[in-house]
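Novice: Quick one: this structure, given as structure tokens, is what I'll be asking you about.
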Amino acid sequence: MNEKQRLEQQRVKSVEPADKKSEKDYSKYFQSVYIPPNLKEARKRSRAAVQYYKDFQIDEDLKGMGEGLKFYIRTYGCQMNEHDTEVMAGIFMQLGYKPTDMVEDADVILLNTCAIRENAENKVFGEIGHLKHLKTEKPDMLIGVCGCMSQEESVVNKILQKHPHVDMIFGTHNIHRLPQILKEAYMSKAMVVEVWSKEGDVIENLPKVRKGNIKAWVNIMYGCDKFCTYCIVPYTRGKERSRRPEDIIQEVRELAAQGYKEITLLGQNVNAYGKDFEDIEYGLGDLMDDLRKIDIPRIRFTTSHPRDFDDRLIEVLAKKGNLMEHIHLPVQSGSSEILKIMGRKYTREQYLELVRKIKAAIPDVSLSTDIIVGFPNETEEQFEETLSLYKEVGFETAYTFIYSPREGTPAAKMKDNIPVEVKKERLQRLNEVVNAYSKAAMEKYEGQTVEVLVEGESKNNPDILAGYTRKNKLVNFKGPKSAIGKLVKVKITKAKTWSLDGEMVGAADAVGVEA
């Protein structure tokens with residue numbers, strides 16, 4: 001651990017829980033290490049502040065603190081949170097803790113939270129409330145809240161005021177400081193709050209406990225600089241900062257050597273990878289071109305922003321091989337006017353032109369997307385534009401949402417002038433289109449033989465195996481348990497709206513089987 005990291009250890013704040021009847025603002029307890037979302041200030045970010053650390057290690061005096069104790073992490077939200085949970089689990093294990101799937105058996109409980117929508121926050125606060133009873137039964141148990149919600153001042157204030165049974169709160173930029181935070185929580189009777197407003201560094205060699213040995217997340221960058229008006233992520237995750245390519249390539253090589261069959265490259269805006277490098281010109285397309293030469297059967301990436309999806313990336317993806325022909329390309333709206341208010345920095349026409357280029361290079365590509373309905377000032381005509389764009393592109397699936405205001409974002413200051421009934425009605429109409437197009441895409445597979453990466457038993461029937469095609473379609477079929485973790489050929493016998501049924505006909509011969 002270097003001197004800078006040692007100095008940062010001193011920034012932990014211990015605060016006394018608030019009286020429930022108090023209406024006092026408790027932001028002063030963490031203001032020195034936290035600044036609430038501010039668009040004007042956030043746009044002044046300096047790239048020079050990013051530091052790379054490759055010497056992460058746990059202090060010797062902290063190792064063993066978890067001997068005989070168990071930890072439990074509940075994860076909400078995106079794949080990035082799943083990856084963060086793997087890192088925290090790795091740190092717990094190095095401290096001597098053992099994992100448990102039973103919250104009642106845990107000595108430390110962490111809620112790794114998501115701030116993208118109000119519904120996600122409500123679920124977390126509901127869980128915090130439920131844990132109060134468990135804390136009463138096990139007073140020595142530690143309860144912690146981390147992740148994106150912890151970066152929001154209003155959330156931290158609410159926990160301080162209404163949930164004094166929480167022992168620690170820490171943010172997205174200091175997961176690597178979990179050992180020090182745990183130590184402080186054990187030593188202090190007060191709530192430990194460590195939330196950094198700093199943009200975060202890139203820290204390598206963090207331990208991980210991956211879920212399974214078939215598929216793995218590989219984080220290639222952090223943060224987002226796009227500042228869509230509705231999105232809290234640029235504030236909770238900080239500015240865009242890319243890992244060095246040599247570190248990513250080494251991690252993927254190690255995963256291949258360990259027998260992993262699929263990796264997914266992660267980033268809040270993965271297409272912006274490398275744009276912050278000042279010493280080399282090296283983007284996502286270049287990284288994918290290098291990674292495809294590694295002997296690992298499948299490589300995916302998420303999440304894309306259309307604005308940064310360049311010709312070099314399209315050129316490399318067209319080579320296929322172990323690069324999957326499925327692209328998740330969030331559009332959010334089919335109306336140029338709404339896209340402008342959202343701050344997406346592209347028009348309907350520009351998005352369609354990008355789709356045209358992708359399809360020209362990869363004719364059999366499968367496209368999925370994200371769509372928000374009921375954004376402030378969205379008219380019926382503008383919503384109809386979203387429906388027409390969906391049909392014109394021919395998306396095979398979509399994640400659809402009703403607009404959810406996020407405190408601190410520019411859109412939250414706009415009048416939420418779309419009635420709830422209208423929002424729900426539009427979401428229903430959109431989902432009818434989504435379902436129809438998904439079913440039509442699935443029906444094309446009937447009679448085809450596809451390559452499936454078998455992930456395990458079906459959740460609904462242990463006698464059935466389940467896995468995914470190259471285009472990320474769920475396939476259920478009968479087969480031997482020995483097929484789990486392998487690539488097999490499956491002949492599709494029945495198409496459903498969201499999955500396929502089939503019969504296993506053999507092992508996949510090579511990477512690149514159409515699916």
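From the backbone N, Cα and C atoms, a Cβ is placed for every residue, glycine too.
TrEMBL annotations: computationally assigned, not manually curated.
As listed in TrEMBL for this protein:
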- C78, C114, C148: [4Fe-4S] cluster 1 binding site (BINDING)
- C224, C228, C231: [4Fe-4S] cluster 2 binding site (BINDING)
- 69-187: domain 'MTTase N-terminal' (DOMAIN)
- 210-440: domain 'Radical SAM core' (DOMAIN)
- 443-506: domain 'TRAM' (DOMAIN)
- 1-25: region 'Disordered' (REGION)
Novice: From the Cα of C78 ([4Fe-4S] cluster 1 binding site) across to the Cα of C231 ([4Fe-4S] cluster 2 binding site), what is the distance in angstrom?
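Specialist: So the alpha carbons of C231 ([4Fe-4S] cluster 2 binding site) and C78 ([4Fe-4S] cluster 1 binding site) sit roughly 14 Å from each other.
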Novice: Could you check the binding-site residues C78, C114, C148, C228, C231 and say which one's CB has the most other CB atoms within 10 Å?
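Specialist: When each Cβ's neighbours within 10 Å are tallied, C148 leads.
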Novice: 10 Å Cβ neighbour count around C224 ([4Fe-4S] cluster 2 binding site)?
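Specialist: By my count, 22.
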Novice: Can you grab the distance from C224 ([4Fe-4S] cluster 2 binding site) over to C78 ([4Fe-4S] cluster 1 binding site)? Cα atoms, rounded to a whole Å.
Specialist: 14
Novice: Using DSSP, what's the helix, strand and coil tally for the domain 'MTTase N-terminal' (69-187)?
Specialist: 66 helix, 23 strand, 30 coil
Novice: Can you tell me whether DSSP puts C224 ([4Fe-4S] cluster 2 binding site) in helix, strand or coil?
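Specialist: It is coil.
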Novice: For the recorded [4Fe-4S] cluster 1 site, enumerate neighbouring residues of the same chain (Cβ within 8 Å of the Cβ centroid of C78, C114, C148, site residues themselves excluded), in sequence order.
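Specialist: Surrounding the site, in chain order, are Y76, G77, M80, N81, T113, A115, I116, A120, G147, V233, T236.
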Novice: For the domain 'TRAM' (443-506), give the DSSP counts of helix residues, strand residues and coil residues.
Specialist: 4 helix, 34 strand, 26 coil
